[in-house]
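Undergrad: The structure that follows is given in the form of structure tokens.
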């Protein structure tokens, strides 16, 4: 239970960091010369295709940062395996997805879950601890390696 609460807390932290990453990605996208024609959504409430492309690209750029952050967190937590990394990453991803959903409630808000960039962003959060689990040195329990080597203990 404590681990789940910890993972929920990490998910909330990632949701906050993700908002910062999206703001930074928006600035980086302009510097890189990506097609970012909008400073903000049109006042008439319309959602032009160029705005959807811009938002999707922003999420893709933010995904790079979120992958690195979730990888580092997974590494610091010493995620022991790919399976454990997938379980932790799924909780983190669910919390971030819920936060994106809650931020999307209201009038004139873009339906972000229809954008490829959002799914890349969420997948990056899931993959960070999975890769951390893959990179952890294998841990063998004492006695097991002796039995595997044919020793009698």
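Every residue, even glycine, has its Cβ placed from backbone N, Cα and C.
What TrEMBL records for this protein is below:
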- 57-77: transmembrane segment (TRANSMEM)
- 89-106: transmembrane segment (TRANSMEM)
- 112-135: transmembrane segment (TRANSMEM)
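Looking at the shown structure, what environment does each listed feature sit in?
TA: With a cut-off of 8 Å between Cβ atoms, the residues of this chain six or more beyond the transmembrane segment (57-77) that come close are 10, 14, 17-18, 21-22, 24-26, 28-29, 34-36, 85, 88-89, 92, 112, 115-118, 120-121, 123-133, 135-136.
Below 8 angstroms of C-beta separation, residues 14, 18, 52, 55-60, 62-64, 66-75, 77, 79-86, 88-90, 92-93, 96-97, 100-101, 104 of the same chain, each at least six residues beyond the ends of the transmembrane segment (112-135), sit close to that stretch.
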